[in-house]
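See structure below.
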Amino acid sequence: AKQRMEVRPAAQGRAAAGRVAFLAVLLPVCCRAAPERIRYAIPEELGRGSLVGPLARDLGLSPADLPARKLRIVSGDEKQYFTLGEDNTNLRVNERIDREGICGAVSPCVLSLEAVVEKPFNIFHVSVTIQDINDNPPQFDREFVAIEMIESTPPGARIPLSSGKDPDIGANSLQNYQLTPNPLFSLVVRESPDGTKHVELVLEKSLDREKQRNHHLILTAVDGGDPLRSGTAQIKINVTDANDNPPVFTKEIYKVRLLENLPEGSLAFQVKATDGDEGTNAEITYSFSDIANSARQLFALDSRTGDVKITGPLDYEEGKYYEASVEGKDGGGLSAHAKVHIDILDVNDNAPTLSLLPILNPIPEDAVPSTVVALINVRDRDSGDNGEVSCNIDGDFPFRLEPSSGNAYKLEIASALDREKVSAYSITIIARDRGMPALSSRAALVLEVSDVNDNAPVFEEAAYSAYVAENNAAGAAVVRVRARDADAGANGRVSYWLAGGSAGAAGAAAYVSVEARSGAVYAQRSFDYEQCREFAVAVRAQDGGAPARSSTATVRVFVLDRNDNAPRVLWPAAGAGAGAGAAPFEVVPRSAEAGYLVAKVVAVDADAGRNAWLSYELVQAPEPALFRVGLHSGEVRTARAVSERDAAKQRLVAVVKDHGQPALSATATLHVVLAESLQEALPELSERAAGADSPAELQFYLVLALALLSALFLLSVALAVLARVRRAGPPAVLRCLGAQRFSVAGAAFPADFCEGTLPYSYNLCVAPGRAVAEGAWLPPPPPLPSLPAEELLGGEPCGKRSPSSSAGAGEPPAD
């Protein structure tokens, strides 16, 4: 969009109107729409507070938007000529504006400033054109001019006169010269290529000193303003006697180029004139006939030698060009004139100046790249390459400088910020011109980075391993997890809790707990290696940010085995064989050689590692030299060939031991019949069943009967005691019978099956559904009610070895 506006302040009452064309200036990434250059035009000499233009309205800002958008203006000039009014909507004059003092002869005279608004961030470039008014009349350097002319001066001779000066421009500047009517003199006005008007006095008729020695004229300089202004100079012409040869300058125009850094007292240039006369008529004196006051303060002319020396500091930025007229006059009164054009050459003597305007400080660390954080204005009073300035950042920072327009730069975020790595940046911006040698200046800007919750807690280890021996005490420390959060304050405060595990969140809470602040993990119960060898729980660490961030680590707990389970003999099983309650029989032919496989003792141990390493040994055999058992295999073989002298029936007892500390053991009994065939062995088996030929078997049955009677007596006594204490609750030894052992919904734990083998009694837990020879076990007790795994782990341990108890084959344990 383009706009056109005209500003005509009513206070001035003048008809001057400025036409202002708005050129759209495309700004880079930071602005939503390309802001335009807004132009105003005002006459000079407006009073403080005078209206320049409705800036807020021209920017499209409503009064309701102003507090949030934070409209403000930034000017790179040393003087603040403009300001925002009290209503913060109109641009007004801050101090008196003198166009001639600001711009001199430059036209148009434009003052630039930037208008900055936020949310979203926009930069608008505002140009104010200062219009000239006719506030300065033309003036001459000298109000009284004395000219000596020899009477022999021929008609048509021209005498340059001092030109008038008018600081105004355009129609308000000096437009014409007027001379009081005189028959001897007329006025000629010449215009130089640069537009300057030079006036010359022309002699129309010959002079006659004897008739009139002096002539008085008035020279008037008139401008073109409304109303007209003028200035006058009085000219007095003295007529002298004839001097035939006037001085002649070596050059009509002296063109001089001076560096602005020449020291005072240096010789700038020299003018030279010659005269063909002799004596005093040939003695030439030099003087400035027409020179501006500003140049008169900088240059001095030696009247005798014509040397022009520097008497004041030259400054290209204050004055680039000077013009003067030099007069050479001989002793006879004749004179000559020459023009001097002095060009001041720029030297790189002004370092760039920087002005910083922070926009966003502190900066959120999640600010996206290309976000504008500061505005930078650069000025260099030099010209050409000396005034061309480039800006850069000293060092490697995640920021970049982007040119905006003119001498403005934007400081933008170049890459992502991370407060945890760098919390503040001290940036030095260097502005350097292209002069030889180059000059530079620096400006420091400190930018702080504010924290956002962009870091989740990080565990020191992704997975933790803990080793706990079984039968531990509830509440024992298992392991400590630790997570660190790089954020600050509440964003970096970490707390812990259980997030689940191999048994789910509820199941994990039944095994272990975690302290919220320290991350210490404690056991909630005593662990049993045979029920659970390892489990994993997930621990979550969460910070206090909003929204909160969290991470999870796995804690794997390994239960270490202890030797708390004795070996269990699977074969030969008690109760299998020829009769009920008898050990199994094996038939070995008498022709068997050494190494003949008789049977194999099979045993298992619920423990692990060394606690489950089993070894076998024969502890009872009628003829020890006849049989041997494999130490690790459990195979019972003949140690030598069977002979006729060997007894037909052999009873072997093998002990099975583990390698725990202390070692636990179990025994297995095996009956061997030496016979060539099964028919030959049948009599031996039938005799054993009848029990008539074996005193040992008869003794066995007598002992068994005695044991049964004793058991019935003890059972009667126990029932009587139970009846008396029934109201007081079951004793601890029977609590196991009342507890549930299975969990239908959760993890299943089998019922206890107890097998006693002299001289010890053992309990064995097997998985449900395992196939076991029916003859190897007593009938199972009645089904017990189901119990969740959590309650089972928390109850009284059941199945521990009781060294003091002893049960015969086929008897259930007392507990």
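Just so you know, glycine gets a Cβ as well, placed from its N, Cα and C.
What TrEMBL records for 802-815 is compositional bias 'Low complexity'.
Under the heading domain 'Cadherin', TrEMBL lists 34-140 (among others).
What TrEMBL records for 141-249 (among others) is domain 'Cadherin'.
The domain 'Cadherin' feature in TrEMBL is assigned to 250-354 (among others). Per-residue pLDDT, averaged across the domain 'Cadherin' (250-354), gives 90.
Here TrEMBL flags 363-459 (among others) as domain 'Cadherin'.
Annotation source TrEMBL lists domain 'Cadherin' at 460-569 (among others).
Under DSSP, the residues of the domain 'Cadherin' (588-685) split into helix, strand and coil as follows: 12 helix, 40 strand, 46 coil. Positions annotated as domain 'Cadherin' by TrEMBL: 588-685 (among others).
Residues or ranges marked as region 'Disordered' in TrEMBL: 783-815.
Under the heading signal peptide, TrEMBL lists 1-33.
According to TrEMBL, the feature transmembrane segment maps to 700-722.
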DSSP-derived helix, strand and coil totals, residue by residue, for the domain 'Cadherin' (141-249): 3 helix, 54 strand, 52 coil
Tally of residues which DSSP labels helix, strand or coil - the domain 'Cadherin' (250-354): 8 helix, 49 strand, 48 coil
